[in-house]
Structures are given as structure tokens and as C-alpha cells.
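Here the structure comes first, spelled out in C-alpha cells, and everything after it is commentary.
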Amino acid sequence: MEAPLRPAADILRRNPQHDYELVQRVGSGTYGDVYKARNVHTGELAAVKIIKLEPGDDFSLIQQEIFMVKECKHCNIVAYFGSYLSREKLWICMEYCGGGSLQDIYHVTGPLSEMQIAYVCRETLQGLAYLHTKGKMHRDIKGANILLTDHGDVKLADFGVAAKITATIAKRKSFIGTPYWMAPEVAAVEKNGGYNQLCDIWAVGITAIELGELQPPMFDLHPMRALFLMSKSNFQPPKLKDKTKWSSTFHNFVKIALTKNPKKRPTAERLLTHTFVGQPGLSRALAVELLDKVSNPDNHAPYSEGDEDDLEPHAIIRHTIRSTNRNSRAERTASEINFDKLQFEPPLRKETEARDEMGLSSEPNFILHWNPFVDGANTGRSTSKRAIPPPLPPKPRVNTYPEDSLPDEEKSSTIKRCPDLEARAPQVLRRQSSPSCVPVAETSSSIGNGDGISKLISENTEGSAQAPQLPRKKDKRDFPKPTINGLPPTPKVLMGACFSKVFDGCPLKINCATSWIHPDTKDQYIIFGTEDGIYTLNLNELHEATMEQLFPRKCTWLYVINNTLMSLSEGKTFQLYSHNLIALFEQAKKPGLAAHIQTHRFPDRILPRKFALTTKIPDTKGCHKCCIVRNPYTGHKYLCGALQSGIVLLQWYEPMQKFMLIKHFDFPLPSPLNVFEMLVIPEQEYPMVCVAISKGSDSSQVVQFETINLNSASSWFTEIGAGSQQLDSIHVTQLERDTVLVCLDKFVKIVNLQGKLKSSKKLASELSFDFRIESVVCLQDSVLAFWKHGMQGKSFKSDEVTQEISDETRVFRLLGSDRVVVLESRPTENPAAHSNLYILAGHENSY
């Protein structure tokens with residue numbers, strides 16, 4: 001048992017509220033909240049950071065640093081007032097800087113002028129020179145940690161005590177800091193040894209670029225990728241991008257500050273003699289002018305880079321489309337009447353699915369668990385509060401960045417050349433579990449939780465080992481269950497869902513659809529990507545069904561992850577966009593001007609970045625296809641985009657809640673690109689990208705995956721089409737670690753990663769249909785295949801037809817099957833007529 005925290009004499013034990021009154025919260029971070037406070041005795045303002053401490057935190061280091069920071073008294077360093085420890089919370093009271101951080105400021109004002117940057121750099125170097133003479137280093141110089149007072153004074157914050165506390169508490173957090181301001185010797189510290197205070201000088205150079213370009217170099221890269229590049233011996237220091245915008249003196253200052261060799265990098269005192277920071281006219285007036293630009297933006301010209309792609313030609317009136325609500329039986333089509341007679345299983349959840357359930361990703365006390373393919377068992381999903389965190393999955397034996405260490409034969413290998421992967425894959429015990437002991441890697445994917453496809457279609461159908469006894473299932477009344485506001489679920493039976501009409505007479509040309517549940521209201525929405533923009537439909541308001549425009553640009557692809565909507569939308573060209581769904585819906589509810597003039601209608605550079613609810617993903621211009629996958633071995637989530645002349649790979653970074661660039665590959669892709677799907681391979685960090693399907697090389701191999709190896713530094717792709725017959729594939733998706741569904745013409749095949757059928761005595765691994773399949777949805781133990789005038793379901797167990805709809809008077813099209821199956825139908829005689837929209841509703845797992 002940990003000893004209780006014992007404050008030193010420098011940390012007051014009494015109630016801090018006897019001395020400070022909290023006025024308002026002004027910020028929050030990973031380790032605590034920052035408040036504007038007032039000293040009740042003197043009336044002086046202060047900034048108070050409140051941090052909750054836990055047993056195990058190294059409090060001796062915190063005590064030592066608090067003692068040291070008391071000695072730092074300089075006009076360019078935030079003054080320390082005192083600390084309190086009360087009820088296991090540490091209060092750190094510092095000087096209040098009313099102007100805010102430079103990062104907050106430039107989010108509103110745009111780039112600082114060269115003179116303003118010079119003034120900030122000079123003041124920063126003065127503060128660092130003082131710290132360095134005291135034998136201290138800051139270690140976290142960046143725009144967010146440089147503050148302005150109301151009078152334009154520059155103050156360094158978050159050093160010493162804050163740095164130590166961050167390092168101490170970080171031990172209990174799975175958080176990777178931002179390395180973009182980090183010196184190369186710090187990035188390579190494990191390889192090359194220690195570093196000294198000259199790392200702060202490098203950070204000043206990076207911050208100078210940040211203030212002029214609104215972000216540090218490599219900011220669009222995933223942090224781990226940036227660290228990797230900085231630690232390489234051939235890393236080149238960054239420069240200012242615009243050679244003509246800035247003076248040669250500024251360019252030279254950045255070059256000297258960013259001297260790669262720390263032994264040749266100047267000290268703070270030496271750099272203060274540089275012409276850039278020694279020029280006349282550097283006074284507080286420059287900072288006061290900057291603060292005035294924040295407070296009175298109307299008195300200053302708005303910042304804009306004139307990106308014509310951002311200008312919206314659409315009217316500013318919010319676009320709403322109402323359903324015609326033709327509900328009488330006489331107006332219903334034959335297929336709609338038959339819809340009521342058929343019931344369907346829930347869609348199968350893939351083990352490689354990236355999105356989180358029900359928008360509950362921010363609720364760590366709940367896990368979601370359902371068991372597919374269990375005869376006689378409840379097929380629905382139960383939500384249970386977990387008492388003990390599940391164990392982490394075993395760490396795969398992969399290199400963080402394997403390009404330099406892969407043997408030559410591995411660099412050029414693809415799936416079709418792989419040895420038997422089943423022998424290398426870790427053996428995972430598959431059984432039904434009590435919700436409180438589901439491993440993380442399995443919890444996030446329902447297939448891995450029970451008798452999934454890999455067990456049904458297994459090469460070893462005769463079980464050789466008896467499954468361990470299941471723990472007693474707790475009564476469902478023991479667990480709270482979130483309420484979802486949408487179409488009501490039917491009782492949890494194996495065949496309990498049907499297609500329900502949700503919209504009549506839709507005039508839009510819809511390209512894709514997905515679903516999302518608002519984490520606060522629990523309302524379920526269908527989100528449509530159309531030729532006229534992104535629209536939403538609230539399933540909790542179907543009595544007055546309306547589709548509301550969320551974003552005004554043509555959209556061809558959608559995916560929701562952690563309340564973030566990723567879209568492939570068109571400006572001048574197609575590009576990946578990221579949309580903050582919660583903020584966009586909140587904005588739509590605001591009365592008055594905000595509800596009609598939305599932030600996405602402003603050019604990106606006019607709207608302050610801090611308030612941008614929709615942002616472009618850098619380096620994705622010209623993207624025309626996308627796919628997302630989750631690696632079930634590591635939990636990492638990847639997004640891959642097909643560009644006109646290559647591929648871009650991004651990885652989801654949880655602390656920043658966004659996809660960040662990992663790699664860019666330049667090479668020609670097949671045209672047309674009929675297949676574009678990622679396949680996760682054991683012991684490979686990054687997925688393979690399947691861009692074509694060809695005929696197998698022998699009788700046992702029914703298909704061959706033509707792939708691009710994103711793990712290789714040189715030989716990325718196979719000779720696509722060389723000596724093999726290309727197949728016209730319709731659909732490829734990885735259901736489980738070694739289970740892939742391939743749809744070809746009239747056939748659906750379940751194969752392993754070598755393209756061989758998953759043989760089984762009890763289940764069919766190949767299903768045939770009497771029509772050319774246009775799209776498929778994999779249900780719990782069957783496949784639902786769609787064609788022009790209907791759909792047909794076939795069972796893996798019996799190879800028999802389970803459901804069938806055929807209506808020659810209607811043309812059907814599957815719009816999306818990501819968690820909710822969305823279907824469209826139009827009259828055959830008039831394909832341009834308004835459409836009806838349906839969803840497969842009734843299962844709890846649909847919500």
C-alpha cells in the first residue's frame with residue numbers, strides 16, 4: 001500500500017479557497033484544469049492549475065521542483081505564488097497572464113508579423129538565458145507555453161514544476177506528447193545519450209516557424225512518425241516554407257537556431273546577439289497591437305490566403321428536405337409490402353472494424369459485447385459496467401518502423417507470396433465470456449468474442465479440446481443500459497429485423513450512407529453523402545422526417561469514428577475532410593445568424609482554426625477512394641486514400657482525436673481501381689492494400705490478392721496482372737484475422753489470406769446466386785446479396801435461400817452497411833424519380 005502524500009514545508013496544507021477564489025475555468029489539459037482566480041486578501045489575479053494526485057505519483061520530485069521554481073524570478077518568466085495540497089488535489093498558483101498564449105492568439109489573428117516574431121523570440125531568449133544560468137532548462141518551449149500579459153509582456157510558462165508533474169503523472173497515462181518542437185538529440189536520446197539546455201534553442205527556432213506558419217514543421221505527421229524521422233541520421237533541419245515572404249535575416253535566424261549538431265548550436269546569450277532579435281523597434285507595442293487584433297478584429301483586415309477552393313457558391317439558407325410521408329397501403333409498392341413479411345439477422349460486425357460503438361468511446365466504464373453465431377443464444381448486445389479493466393492484448397513482435405530492418409525478400413513480399421500465416425498467427429482462445437473479463441482486442445470486435453466465422457468455417461471442424469466452463473452470467477438487471485432514441489428494437493431473437501421505410505420522396509442523388517448516435521441526446525442519425533452535400537436524418541423524429549444539410553459539398557464516401565465524421569468531399573478537387581459532429585450539431589441548434597451562416601461556409605483561413613468544425617486533411621488532394629481498418633493485433637486504426645498517382649496512409653491518434661499522416665507512396669495505381677481495401681497481416685505493422693483480385697495460381701487457391709506492401713521502404717507492389725487473369729471483383733472485406741469475404745460476379749467466397757477457401761463440413765464457404773451481385777452485406781450466419789430489382793439471402797449453414805425480395809417495378813441500391821444497412825429504391829420506369837429510403841431496423845445491435 002502506498003504511503004500517503006506528505007507535503008513539504010513549501011506546500012501549504014490548508015484549504016486553498018481561504019486564499020483564492022476561483023473565477024472561471026480558462027483551460028484544461030491532460031493532467032488538470034486551469035482557472036482564473038482572485039486572491040481574496042489582495043484582489044490580485046492568479047492562474048491556478050488544479051491537479052488530482054493519485055497514490056504512486058512521485059511526489060518527492062514535485063516537492064523538489066516547487067522548491068526550485070521559487071528561486072526563478074525574472075520579467076520573462078511567469079511568477080510562482082505558492083502551492084497547496086488539499087483533498088489529494090495539488091493547487092499551483094502562478095501569475096495570471098490576461099493576454100493568453102500565443103497559440104490561442106494566432107488561431108484568431110493568423111500569422112504574426114516578422115517584427116512581432118522577433119520581439120517574442122528576443123523575450124523568450126532572455127527568459128531562457130536566465131534559466132540556463134540557473135542550471136535549469138525549460139524543455140517545452142512552444143507557442144502554447146509563451147504567454148502575453150495585458151500590457152504586452154512575454155512570459156514563459158509550464159517549465160520546472162509543470163514539466164516534472166507532467167512527467168510524473170504521465171506514467172499513469174497512455175499519452176504520447178507532441179514531439180514537433182523536440183530537438184533531434186532529444187528524439188534520439190535512447191540511441192545517442194543525453195541532452196542539455198541547447199534543446200531549448202532548437203525549440204525557439206521551431207516556435208519562430210510556428211508563429212509565422214500557424215503550425216510547426218511536420219505537424220500533419222503522426223507524432224511517432226515525426227519522432228522516427230527526427231532520430232534518423234539523415235534528418236535535415238526544417239526551414240521557413242515561403243522564401244519571399246520573410247527577410248533573409250529571419251531565414252538566417254531560423255537556420256542558426258536549428259543547427260542540428262547541439263555542439264555547434266549557439267547558447268541563448270549568443271543567439272541574443274543575432275541581428276534578427278537585436279534590431280531596433282522591438283517593443284511591447286508590437287504585442288499590444290497583436291492583442292488589439294484579437295479584441296477588435298473589425299479594426300484589422302481579416303487574414304486570408306485566398307484559397308478559392310474554400311469559397312462556397314451555395315446560398316446561406318439552411319437546406320431542409322421533408323419526407324412526403326406516403327403511408328397508406330394503396331401507395332406502398334409491392335416490395336414494401338413484402339418487406340413486412342421478412343425478417344433478417346443483424347449485420348455481422350467485423351473484427352477489423354475501426355469505429356466505436358454508440359458514440360460511447362468517451363465512457364471507459366462501459367464495454368459493448370455481443371456473441372454472434374450462437375445457436376439458441378441471445379443475439380442482441382448487452383452493455384455492462386466493468387469493475388476491473390480488461391488485460392491489454394499481447395504486444396506483437398514487430399518493429400516500430402521496420403523499413404530499415406526488413407530482409408530483402410520480406411520487403412518485396414505480398415500476400416500471394418506469404419508462407420502459411422495461420423501457423424504464425426497467435427492462437428486466440430475463442431469462447432463466450434463474462435463481460436467483465438473480455439480482452440480489449442476481442443471486445444472491440446464482436447467476431448472475436450464468440451463463435452464467429454473463423455470458428456464456423458474452420459479447417460478443424462472437429463473440436464479437439466473442451467472449452468473451459470463459462471462463468472455465471474450476471475442478471476441483466478445488474479447493469480445499466482444506455483437508451484438509444486431511434487426506431488425501437490424488436491425482442492432479441494435470431495431473426496428479428498425488417499426493412500423499414502424512413503423517408504419518402506427524396507430528391508437527392510445519394511452516393512453513400514452511414515450512421516451515428518449523438519452521445520448526449522442518444523438520438524440516432526443516418527448521415528448521407530450526396531451530390532448536393534452531406535445530409536442527416538434523425539431516426540427519433542420520423543413522424544416529421546426531415547433531412548438537414550450538414551455540409552454543402554458533393555460527398556462520395558463517409559465514415560464515423562469517435563464522433564468525428566470523415567468524408568471524401570469535393571471543392572475544386574476531391575479531398576479528405578474531418579468534421580466535428582457534436583460541434584456541428586450544436587451549432588445547428590443555435591438561434592439567429594449562427595444557424596443560417598455556418599462556419600463551413602467561410603474559407604478555412606478566414607475562420608479562426610480554433611473554431612473550425614470542418615478541416616481538410618493535408619496531403620489528400622485528388623483522393624478518389626478511401627478505406628479504414630483496425631489492426632486486431634495492435635488496436636491501431638488506419639485510413640488509406642487512393643490519390644491520382646499514389647497512396648496516402650494515415651493513423652488515428654487518440655489524444656488529438658484525428659487521423660495523422662504516416663506515409664505517402666508515389667506510384668501509379670490500376671485504372672479503373674475496382675478494388676481498394678486494406679488487409680491486416682500478422683506481424684506486419686501496417687496493413688497491405690489490395691488493389692486487384694486475380695485468379696489463383698493452382699487449384700487450391702481460388703483467388704490471389706494483388707497487394708501493395710506499405711511496410712517496405714523500396715519494393716511496394718507486385719507486378720499486378722503479370723501472368724495472372726484479373727477477376728472482376730465486386731466486394732472484398734476482411735471479416736476476421738484470417739477470414740476474407742470476396743464477391744465475384746454471381747459468387748460469394750470465404751477465403752483465408754492466401755486466397756484458399758475456408759473449408760468446413762458443416763458450413764458452405766462458397767455461395768452462388770442466380771443474378772450478378774451488385775453489393776453484399778454479411779449477416780450473422782448468412783449473406784444478403786443485392787441486385788438491380790431486389791435482394792436474396794443465403795445461409796452459410798444450409799446454402800439455402802433465407803430471404804428473397806424481387807420487384808421488377810423498382811430499382812434497388814445499397815447505400816451503406818456500416819452498422820446500419822441503408823437501402824434506396826426508385827421506380828424502374830423513371831430512374832430519375834425521387835427515391836424511398838429504408839433501413840434494416842429492429843436489432844439492438846443496430847444502434
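The backbone N, Cα and C atoms fix where each Cβ goes, and this holds for glycine too.
Note that this is a predicted model, so its numbers are computed, not measured.
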Check: Looking at Swiss-Prot, which of S101, S335, S715 is flagged as phosphoserine?
Finding: S335
Notebook entry, point to check: Swiss-Prot annotation phosphoserine: which of S86, S233, S283, S433 has it?
Noted result: S433
Item checked: Overall pLDDT of the domain 'CNH' (507-820), taken as the mean -> 85
Next item on the list: State the count of C-beta atoms found within 10 angstroms of the C-beta of S335 (phosphoserine), not counting that atom itself.
Entry: 22
